[in-house]
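Trainee: Quick one: structure below, then a few questions.
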Amino acid sequence: MTDIQSLQDPEGLVTGHELSHQVGAEVMIQITDMNKWFGSFHVLRDINLTVHKGERIVVCGPSGSGKSTMIRCINRLEEHQTGSIVVDGIELTDDVKKIDMIRREVGMVFQHFNLFPHLTVLENCVLSPIWVRKEPRRQAEERAMALLERVKIPEQAKKFPGQLSGGQQQRVAIARALCMQPKLMLFDEPTSALDPEMIKEVLDVMVQLAESGMTMVCVTHEMGFAKTVADRVVFMDGGQVVEQAPPSTFFTNPTSERTRLFLSQILKH
Amino acid sequence: MAHSDPPSSDTGFRPIPPQPPPVTVVGPVRWVRDNLLSSPLNIALTALGLYLLWLVVPPLIDWGILTADFVGSSRDDCTSGGACWVFIATRLDFFVYGFYPDAERWRVDVMFAMLAGFLVPQFLPGVSARVRKWLGIFGLTVYPVISGVLLLGGVFGLEAVETGKWGGLMLTLVLSYVGIVAALPIGILLALGRRSHMPIIRTICVLFIELWRGVPLISVLFMASVMLPLFLPEGVNFDKLLRALIGIVMFQSAYMAEVIRGGLQGLPKGQYEAASALGLGYWRATGLIILPQALKMVIPGIVNTFIALFKDTTLVLIIGLFDILGTVQASIVDPAWGRVAIEGYIFAAFCFWVFCFGMSRYSQGLEKKLHTGH
């Protein structure tokens, strides 16, 4: 664990990756000694993670390693039992008001899109701005259309999610999350449920989002994405953060034997 | 979708244009061959079926229409040996209004007219969604209040008509309409309560549902009409119809709750999570995301409960209320008419069938309309 702690210095992380950009000193997420159990199963163990404003984090690891559970703790879709999670200066507790405040600032994209099938694409996008942020409908719709434009599917606005392809649905899901103008975006395996042909269109949108300076935490198996976009790769196994390093170091010179084994398995093909 | 576009010509790939199917695959001839004459056994069964129809249908038409009597005023006008529809015609007022005073029956007619006024447009094609919605809202909120005032009277110069005089089709509609309109929202709340994380609310809802679901409706009605007054202090007197109504609503809302819970459980967890992640609180997520989908999923179950409720209203006969079946039953024992039981029961059955079939068709239309391709 000690050598991992030393890697948390953000100044050292920005160097040497391909999309240069500004990582602020402001801390967006601070996870300290966080533990979580599902019943008696200890699923997350002593998680420590700091994410700065504008930083792009890719979380990877074998299935069952707790990576999805960890990012779901960040917007309280899962409850942690010990330790603390502070998002944008607000600590996550049982206080429902605080949870709602954080959820308003944190956008989330799911593996299975989770669009609302009874609403059109546009309605999916404007629902939360109208009901949670109390925006006028016209304003919400204008922004939604602009964002649908950005994810390159404005022509699908009046369709229902069930009429769209997987890649299109996931892009709508990204637009929907962005409609709340979040400060932070969480991606929970956004391309894992997609056909190979559609993965690229979603990744393109995510790269574009990263270029715009959005703070992002992505659980993904797309190592190409990690290499080009991430400021830091976090490797998890057995509910622990095993290693975190900038992609240049992570892929070429990992410190942990476990990471090396994982990389050798996924990069074999 | 972009994927259905033909690829550009430089790839060398040419999709084959779609062709119409061969004539033997479609059309009535094909249908008959497939469904009636596909094997020797099926040919035999088809022949047997036709024979049975020939045995049953012609005599029925003969009895019910060809040799039946339609006009007249008493048993003596039924001479031709067929069905005596004269009986239904002369007793129709009783079947529709029960003992409601003659001079006040226009009030019942107004109630019927309003009911038709907002129900019929729901079935007509050219009516806009907005109009339908507002008519529906009227039917669920304003209409029961207006009807209640109108039928009860005692205000606005309307003569008071005690509920003991209500009867026939009108009573059936009052019981089932109130039952339906009240049982659905109470059922929704019970279903949500049963899935609540708050132990007290959950326990109350479970107890309520299991209690009402565990007893027969007849015993509920008996309790409401016979036992409840025993527990009430002297002088406090509930209207009998009101007691029956409360019993029916409690009973049916317990059933409704379980139907709706099925829909709530059938929703993927991701829908709840996406709603939470977007910052929608419990009530907004429930009202905007969860219920619209859950209710849509269980439309068949809900309508099933409605239809059962509609028919169960006949049980009020045992506590001395005369619904449409009750009025028919009271009439067929009239010695002046002789044997008219079959005509009476056919009429009652037909009335029930019309309403139940209407509900069934409406729900099918609703399912189709709400289907959004997932």
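Every residue gets a Cβ built from N, Cα and C, even glycine.
Straight out of TrEMBL:
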type	residues	note
COMPBIAS	B:1-11	compositional bias 'Polar residues'
DOMAIN	B:169-358	domain 'ABC transmembrane type-1'
REGION	B:1-21	region 'Disordered'
TRANSMEM	B:41-61	transmembrane segment
TRANSMEM	B:82-100	transmembrane segment
TRANSMEM	B:106-127	transmembrane segment
TRANSMEM	B:134-156	transmembrane segment
TRANSMEM	B:168-192	transmembrane segment
TRANSMEM	B:204-232	transmembrane segment
TRANSMEM	B:285-309	transmembrane segment
TRANSMEM	B:315-333	transmembrane segment
TRANSMEM	B:340-360	transmembrane segment
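Distances, neighbours, how buried they are, the whole picture for these features please.
Mentor: Non-local neighbours of the transmembrane segment (B:82-100) in the same chain are 62-75, 108, 161, 164-171, 322, 324, 327-328, 331, 337, 340, 342-344, 346-347; each lies 6+ residues outside the stretch with a CB under 8 Å from one of its CB atoms.
Tertiary neighbourhood of the transmembrane segment (B:106-127): same-chain residues 96-97, 100, 135-136, 138-139, 143, 146-147, 150-151, 153, 158, 161, 170, 173, 177, 358, 361-362, 365, selected by CB-CB distance under 8 Å and a gap of 6+ residues from either end.
Same-chain residues lying 6+ beyond the ends of the transmembrane segment (B:134-156) with a Cβ under 8 Å from its Cβ atoms: 104, 107-108, 110-111, 114-115, 117-119, 121-122, 163, 166, 170, 174, 177-178, 181.
Counting same-chain residues at least six beyond the ends of the transmembrane segment (B:340-360), those with a Cβ under 8 angstroms from any Cβ of the stretch are 64, 83-85, 87-88, 95, 119, 123, 169, 172, 176, 303, 306-307, 310-311, 324-325, 328-329, 331-332.
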Trainee: Looking only at the recorded stretches B:41-61, B:168-192, B:285-309, which one has the largest tally of CB-CB distances under 8 Å to the transmembrane segment (B:315-333)?
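Mentor: Checked against B:41-61, B:168-192, B:285-309; highest Cβ contact count belongs to B:168-192.
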